[in-house]
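The following features are taken from TrEMBL:
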type     : residues                              : note
BINDING  : Asp60, Asn123, Val147, Gly148, Asn149 : NAD(+) binding site
BINDING  : Arg110, Arg116, Asn149, Arg180        : substrate binding site
DOMAIN   : 174-348                               : domain 'Lactate/malate dehydrogenase C-terminal'
ACT_SITE : His205                                : active site, proton acceptor
Amino acid sequence: IRRCSYFAKDVTVFDKDNKSEPIRVLVTGAAGQIAYSLLYSIGNGSVFGKDQPIILVLLDITPMMGVLDGVLMELQDCALPLLKDVIATDKEEVAFKDLDVAILVGSMPRREGMERKDLLKANVKIFKSQGAALDKYAKKSVKVIVVGNPANTNCLTASKSAPSIPKENFSCLTRLDHNRAKAQIALKLGVTANDVKNVIIWGNHSSTQYPDVNHAKVKLQGKEVGVYEALKDDSWLKGEFVTTVQQRGAAVIKARKLSSAMSAAKAICDHVRDIWFGTPEGEFVSMGVISDGNSYGVPDDLLYSFPVVIKNKTWKFVEGLPINDFSREKMDLTAKELTEEKETAFEFLSSA
C-alpha cells in the first residue's frame, strides 16, 4: 500500500477553516486512461464541492502498481488542497474500507476474437468479488457507480453480491450516451449543449440503447421548444441521430485507436455530482438503475437506464412520460438484450 503523508501534512492548515469531515472515494482501474482524466476533477472539487476534503483511494491490479505510483506522484504534484490523503493499493480489503463513494471503472476489456459471453464471464468474477468487498468493508450508505463494461450487468452483479447495501445505491453510467445525444442535437441546431435538456437514454449501455428526444427541450431565441418541433426532421431523429449515438464509442475507437476517456471522465463527474447535489429543477438525467417498480413496462430486476430526478442523494423515476410505438419497440429490444445478459451472467455467478 502506498500512502502519501504529504497530503495529510498539507491539509492541517486548510482544516482550520474547513469543518467538513473528509469523504472516502474509491476509483478502481486507477492506472487506466479514464481514471487519468477523472482523478484531477475529483481532487480539485469539481465533483463533491470546493469545500469537501477527500481521501482518495486508488485500486488496480498488481501488475499496474508501478504505473499507479506514477499517478500518485502526479496527484502529489498537483498540490490539491482538498486531497487529505491518497492511498494506492491492489488489495480489496484496503480499497473498500469505510467508503462513501465507489467509482468502479476497472473491468476486463473485450479482446479481439472474444465472444460477449467470455467477456461477461470474466467480468462476473471481478464484480462479484468487488460487490462482496463492498458488502464486507464499505459503509452501508455507500454510493456505487459502475463504469466498466458491460456496465449494466456488471452493476447488477455487484449489487447482487452486496445484499446488505440497498440496491438503489447502485447505478451505472449512461451519462456519456446522454451527453452524446445532447451534443448531437446542439450541433444540428447550432446551439450549445447547455441549451438542450431532458434527452433520455433507455436501456443498456450498448448499441441497443435507445436515445429518445420525444420529451427533450431546446432553448431557441430565449424560449424552450420541443426538439422534434425545433428540428422538423423526423427521419434524422429516428434514423441517423439514433445510430450515431448508439455507435459513437466505436467511432471514437476507430479514430483514436483508443476508447473514449476524456468524455467518459466528464460524464462520470456529471453523474456523481448529480447524485451528490441533485438534479436542477425541471431537468432529468439518464442513469442505469434497478428497474423494480418502474411504470414503463420494463421487467423488474434489470439494471436499465431510465430518466431520473435526484434529490437528497436519492433518485426517482420520472413518471408519466407518454411512450409512442417507435419508442416502445426500441425500449423492449434493449430490455431483451439486458435480460439475456443477466441470464448468462447469473449462470456464471452461481459458479464463480
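One is the number of the first residue shown, and numbering goes on along the chain from there.
Keep in mind that glycine also has a Cβ here, set from the backbone N, Cα and C atoms.
Keep in mind that TrEMBL annotations are predicted by a computer and have not been checked by a curator.
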Say you check the Cα of Val147 (NAD(+) binding site) against those of the recorded positions Arg110, Arg116, Arg180, His205; which is nearest?
His205
Restricting to the record's substrate-binding residues (Arg110, Arg116, Asn149, Arg180), give me the longest CA-CA distance in Å as a whole number.
24
Using the structure shown, find which entry in Asn123, Asn149 (the binding-site residues) has the sparsest Cβ neighbourhood within 10 Å.
Asn149
Give the number of CB atoms, excluding that of Asp60 (NAD(+) binding site) itself, located within 10 Å of its CB.
23
Could you check which of these recorded positions, Arg116, Arg180, His205, sit within 10 Å of Asn149 (NAD(+) binding site), going Cα to Cα?
His205
For the binding-site residues listed here, Arg110, Arg116, Arg180, which shows the highest count of neighbouring CB atoms within 10 A?
Arg180
Could you check which of the recorded positions (Asn123, Gly148, His205) sits closest to Arg116 (substrate binding site), going Cα to Cα?
Asn123
Round to a whole number and give the Cα-to-Cα distance in Å for the pair Arg180 (substrate binding site) and the residue listed as 'active site, proton acceptor'.
12
At the Cα level, what's the spacing in Å between the residue listed as 'active site, proton acceptor' and Arg110 (substrate binding site), rounded?
15
